[in-house]
Every structure is written in C-alpha cells, then in structure tokens.
There are 2 protein chains.
Amino acid sequence: MSLVQPRTLPGALELLPREQIAFQRLLDTIRATYERFGFLPIETPVMELTEVLLTKEGGETERQVYFAQSTGDREAGREPELALRFDLTVPLARYVAQYEHQLAFPFRRYQIQRVYRGERAQRGRFREFYQCDIDIVGKDELPVRFDAELPAVIYSLFTELGFGGFRIQINNRKLLRGVLAALGIAEGEPQTLVLREVDKLDKRGPEYLRDTLRERFSLGDDIIGRLLAFVGTRSTSYAHARGLLADLERDLAHPLLAQGAAELREVLDRLVDFGVPDSHVCLNFAIARGLDYYTGTVYETILTDHPEIGSVCSGGRYDDLASHYTKSRLPGVGLSIGATRLFWQLRELGLYKDAESTVQVLVALMDESLLGPALQLATRLRAAGIAVEAQLEAAKLAKQLKYADRAGIRFVALLGSDELAKGVVSVKDMQRGTQFEVAADELAATLEVEIAQARAMAGVPRA
Amino acid sequence: MSLVQPRTLPGALELLPREQIAFQRLLDTIRATYERFGFLPIETPVMELTEVLLTKEGGETERQVYFAQSTGDREAGREPELALRFDLTVPLARYVAQYEHQLAFPFRRYQIQRVYRGERAQRGRFREFYQCDIDIVGKDELPVRFDAELPAVIYSLFTELGFGGFRIQINNRKLLRGVLAALGIAEGEPQTLVLREVDKLDKRGPEYLRDTLRERFSLGDDIIGRLLAFVGTRSTSYAHARGLLADLERDLAHPLLAQGAAELREVLDRLVDFGVPDSHVCLNFAIARGLDYYTGTVYETILTDHPEIGSVCSGGRYDDLASHYTKSRLPGVGLSIGATRLFWQLRELGLYKDAESTVQVLVALMDESLLGPALQLATRLRAAGIAVEAQLEAAKLAKQLKYADRAGIRFVALLGSDELAKGVVSVKDMQRGTQFEVAADELAATLEVEIAQARAMAGVPRA
C-alpha cells in the first residue's frame, strides 16, 4: 500500500500538545472573564444554510466563503445549500432573530468558536481561526452606557492575560462624521471614502494621509491641516479626554458631533465606575473601523509593547443586528478577539513559552512488581482532584524524570519497594529541583497545597 | 427588503443559553476527567484534505462526507480538495503520523470537537455532533494493561456525571474469534458475518439471533445452542468473570481464545488496582463492535436506568492506527463519547433540567442615580472572581427578581439608597427564598463562601 503524506490544509494552525495547553489556557481565561461579566454562552453550527448566511451583497467576503455539500448532493449536481460561517456576527444575528421570543433582552452572549475564510495561503493568514466574541443586543433600544461594559471586560481580561501594557482605544463614528461634516466634507460616499483613509493613519502615518487627502479628495490645505490635527489627537487621561471633547465642540459645531461627544462622555463616566484606569484607555480619533457596519462607539485594543501586532480586540456599536431576519430592531454593541492570530503572533514574538502540562503529577514505575501499588496511588490522587499520569511500564528513573521534564510535569511521585515498606512516597519537584518524602496517606493533601500555592502565585483564577 | 427565515440546517443541535450552560458543564466534566487521568489535549482542523481523509475504501462512510470548497475553487470547476472530518480517529491517525517524532509514546490524547456526517435528516440523528475521544497510542507495542485505563476513566467520569447507575461492558475480539473457531466457524468472512449478528443480541434478543444463525449460516442446533449460551453470558463480579473465563478455557480449546482470556484477565486485574468496583463492570460476550477495526479488548457502556439509550461510550483496542500515513506500527486503545447525542437523549428523558446560570450574582438597579455605586459593587465582586451581571437600566425590583429567577441566577444584590447610606448590601438568595444584609465590604467574601458551599454540595470539582 502506498502511503499518503500526513498533512493539514495550509492556513490551519495545528498545535502540539504543550502548545495546545497554552492555547487552551488563553481560551479558558477569555471564557472565564466573559462569564465573570455576566455574558452567557451560545454555540452555533459551523455550517449555515447559504440562503441564511449570504444575505448581504457578496463582494470580498462572499468570495472567501467555503461552501459545503454532502456526497449525495454533489452527485445529484445540486448547488451547495450549506456554507461555513466566516464570522460569529451573522450567526448571532440569525440566532437572536430565530429565538427572539425565548431570549431575555438586553441579551449578553459570548461565543468562542472557529470561523472559516478561503484566504490566499500566506504566512500569518488563517483559513480556520478562533473568534471570541461578546455582544450585548437590545430590543428596540440599548442605552449608550452599555458601550462601557465591553472595554471593562477587555481591561479585566488583558490585565489577567499578562501580555504587558495595553491600551483600549475608543472613538465614536457619529463624532467622526460630525467633524467631517463641520469641515465641509459631504455626508455619504465622500465621508466614507475619507474615513477609510483616516482609519489607516496609525499604520501609514500622517504624511501618507496628507498626500492622499490632497490628491484623491482635493481638500484644501486648511481643511487637511485641521483634519490631521483632529485625527492625530490621543487623550492621555479621562480629564484630558473630556477636555478634548469640550475643545472640539467649541471649535466645530454639528449635531452629530455633539451627539458623538455626549456618547463618548457617557462611556468615559461609566468606565470610571467600572474601575478602568486612565492608563489603559485613550480616545483615538483616527479609529473608524469597518465603515458602514458600526454607527457609534468603536474600539480597538493595542498591546503597547507590541504595537506592530495591530489591534488585538476590536468592535463597536451597531444600530440593527438582524434586519435581514426580523422586523424587530435589535441594536447592539460587540467586541471580537481573534484568538488564533493573537496566539500565533505572541508565539512568534517568543511570548508563549511551552505551557506547564495539564498533568500535575507523574506516578513513576520503577519495577513491574509495583504496578498495583502505583496504580492505587494514582487512583487516590485522582480522587482528590489531582491530574495524574501513571506510568504503566517500568523504566529507569532517569528516563522517567527526563520524560516529566520534557512534558512539563512538575511533580514526580516515586513509590519504590523501600517507600512502600515505610508507607511513604518520595516526591521530586521538577521545578524547584528538590525532593521530599511524605506519608502516603498525606500525599494528596500535600500536593493539593503545593498546586494551590503555585496557582495563586501564577494568578490563575479558581474556577 | 424581504426577510430571510432564520433557521439552522436540520440535524444540528443548537441550544438556548441555559441549555448551552448545561451542555458546556457536561463537556467541562468530561475534559476535567480526561485531564485528571493524564490525557493531553489536541485539536485538529474541521477540514482535512480529501486525499488524507478518504484513504479507506469509501462505502457508507464516504457517502456521508461533507466536501468543502472555496468560491474561487468552485468557479474554477475544480474537484473539492477539502472535506469535513466524520470522526476524530482518522484525524488522530494523521496527527500522530505527522508529528510522530515530536510526540512522546505512549501518547495519551483527548480531543473534544465536532464531527460531520451527511446523515439523512431524522429525529435524533445529527449531522454535526461533538465527539469526546481518548486514545492511548503506543509505538511498536502497547501492553494490554493500558486497556484497563480507559474503563477507569469512564468509571470516574460517569460517577461524577451522576446520571444514575451505569455498567462498563467489556469483551475481547480474540476471545470471540477463538470461541467461534473452536465451534467450527471458519476464520475470515464466516466469523465476521456471525459476529455482526452476535453484536445485535442485546438489541434484537436471543430468538432473532437463533433464527438468523439457523437460516443464514446453516449452523447445527448444538453449535447454535453453545454459541447462544456463550454470547448470552454476563459476569456479575470480578470473581465470577474469572470463573467464566476459566470455564470457557476448560470447555473449548483454541490459541486465540486463550490469548483473549489472558488479556481479559489482565484488564480485570488492573481494574481492581484502579479501584473500579465489581458493580460497574461486566464481561458481555455479545459485544463485538465495529467488526474489523478492533482487534482485542472492546467496550460499551450502558446507563442501567436507561438501557434503551444504548451504548453511551464505546471503543476498543486496535492493532495499527496510522498504516495509511506511516510505516511505523502504532497500536492503540481508545474510547469515544458522543456528547451531543448523549445530552439530547438525557434531555428527552427529562434528566437535564435547565442549568443554574453561569451568572452567580445579579446586581440589581432600582434607581438611575445609583448606577455608579451599582457598577462599583459589580466591579468589586468580579475582582473577587465572582460572575456578576450588572443591571444597567433601572427597573422595578419585582421585574429584576423575576428575571433572575427565569435566568437561573441564584443571588440578587440590592443596593438601594438606604443600603448605600448604611454601607450594606441586601442579598436575596433565590434558591432558598431568603434575604440577608451584609456589610458592603464583606459581600464578596460572604458570597464566595456561599458559592463554594453550593459547589461542594453539588460535587463540582475545583479546577
């Protein structure tokens, strides 16, 4: 029989177990934080009916869709009725519309699942990747104060993740549009095109933006100057942010600007209530996001030690989530973390070391005759809630210690015939390089204390 | 704009949030148990290359495969290069062969992901469902004692899940084949066909089996009688099981029978070491499983209060996992739980009540002017690791209590102006129907104790 070369599709991130453990801890932390803020879990099928999924005008997104079809339907020459979701927002819209009368609004949901895009194969581009979304969806209306809850979640999350400094950048599209209107840039298409360029400021720099505005939009130097000064503004504290908004309203007058400024002030006030410090929030007037989808508050989050990664968590306020599926008006606000890309990038930067194993204790086996007592020991430890790998084949101690070291297992429990006779177990702490002996009956309790201490030191939450 | 009816593909189980919480707890318990026994996580892409996935002779399985194709590839008229996995075993084989030199053997892996089958739409048949697999894969060889570790995991898991009584039924295909051979049924095709019928004994009953053996296989009444007596045998204890094996070896002689009996004895001995009690294990000589894939030990698990569900957890020993991808011999033993089907069936039986919410405390809001203090309270509770939903819009208390009740949130924290003035918080325990007042500073600690107690009572593991 000829062998098939084992390989995955390009653009899928498949991990070795120790990497998977690290990635799983990232997802677990995200989930625990989302739950701590009262978001409820949902999951939706990977495949949606094409008619439901592809309601919007196709364009770039539709070209990247994976269609799916069973063997039978293919053979019958049918068009594919199924497609893989390309984000979690369309499935959320479908879900909320479908179960509208069974859900309580405002509906806070989190969803941590994979999405699929037929991207061109390229390093760092993924065709399958995890998105970790939170959204709050209101019925008929959703007061702007809700827009402050999402950055509060993100502050708590990135503090706990410990990737170093980060900053949640906030803007408001009404404010942006008001400013553009006040500067004489017409609503609709012209504003949309200008905003698309403004959104690139942090990547391309002010010179690029100045040249583009001059050449493509024929704006006068005065307008360009004022626009550049505006979109280049960043707040450094809540007080500074409020001052910037007041200055803006004094210098330029437009109802949309005033509304956007009022919304931003409300968000800032509530962020103070949520205990989010100045240091981690700033107004960044260059952030526009996805153009027409968002209608008010928009967010991006950068890791200040690694700004080259770009935004690690983005989202904003939208007016109506599910207009394709229901006549009900469902305004909302949401945020998404691309966990696969984030993990991959942090790993590329060397920030993700191999994780400590999920296995907490290796019960070694030095002599075949001791298999029974070793398994009984493993069973007692497991009954105490400790994650134990039992060696089922006798091997030299050095080999078993080397295995534990490579696998990232912290404790090795040794039960030789001497120990068995004395009613004790020897424990090697691979992390500290120490060894101690403990009565067999007390081993579980002793290790529980050690593990709880290590967890407390690492700041791992309890539940 | 005409509305699209929001709906999912038939055969996908989509849950409301409280159901999703219950399902998530099932998956979490499975995962925690797998980890407690030293199994390491892996995840593989939903899509595999068709060339890699569909190495086996197609038949029924291949007909149920979903193929996937991006827009571009469809338009170019190409054949699909991708297909959705239909189980987790083929991806495991591909994974182990692909990373063979980076993995440590025996490789214990768990994998909890969704799989896809183009089943005919039918109640209780799923096109997308979770499988929760554990496998131990050896390099070159894997001693039979490993076959005892999987039932030990299952014993621990189903004890913790608390679905009532269950029994892990064990058999050995070598023993089965040895008995058939000793009874004069030829190896190869005849044995395979007879085993396929034997496997149906528990579903169809002995009369069906007797008639089929007589009519289709032209076996003599004496042989049929002996075969029926054999496959109808169930052990009631480890001692009884050993006695049955001894009887069998005395009555019939065949090298395969002897080998199978020796393997079963080894499994039974190790199960005793693993602390699995007699009451939850039995030999069931009618269990044959998936015919040619399994080569030694086979398992099925039934819920004794709900035998009509059939096996909730099945698996066995195989000789060579990845012969399509590597020349290395990789014997292993594995088990799979179909979590979606299990959840659905238990829910149908009324055994899954709506879960308590992931939200532990609702911070109510009775007056708009108290939004700030309410958010600050929520923030303090969250900092203590408590999952809190903060009401951001003032509403009548009765309405908020009703919401908490419907949502399955146990505690409601009330911070009215009286409470604020006194520096206390009123807490309503929705479960006990009691209310108490506690100093605001002590609220987090008080609730932590309550939650920890509730968790201990429910037998939920800590981590």
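Even glycines carry a Cβ here, placed using N, Cα and C.
The feature L-histidine binding site is assigned by TrEMBL to B:Asp87, B:Leu88, B:Thr89, B:Arg117, B:Gln131, B:Asp135, B:Arg289, B:Tyr293, B:Tyr294. As annotated by TrEMBL, domain 'Aminoacyl-transfer RNA synthetases class-II family profile' applies to B:24-373.
Positions of TrEMBL features highlighted on the structure.
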| residue | record | CB count, 10 Å |
| --- | --- | --- |
| B:Asp87 | L-histidine binding site | 15 |
| B:Thr89 | L-histidine binding site | 21 |
| B:Gln131 | L-histidine binding site | 20 |
| B:Arg289 | L-histidine binding site | 18 |
| B:Tyr294 | L-histidine binding site | 23 |
Per DSSP, three-state class assigned to B:Gln131 (L-histidine binding site): strand
In three-state DSSP terms, the structure that B:Tyr294 (L-histidine binding site) belongs to: coil
Recorded L-histidine binding residues, B:Asp87, B:Leu88, B:Thr89, B:Arg117, B:Gln131, B:Asp135, B:Arg289, B:Tyr293, B:Tyr294 - maximal Cα separation rounded to whole Å: 22
Across the domain 'Aminoacyl-transfer RNA synthetases class-II family profile' (B:24-373), average pLDDT on the 0 to 100 scale: 93
For B:Thr89 (L-histidine binding site): DSSP state (helix, strand, coil): helix
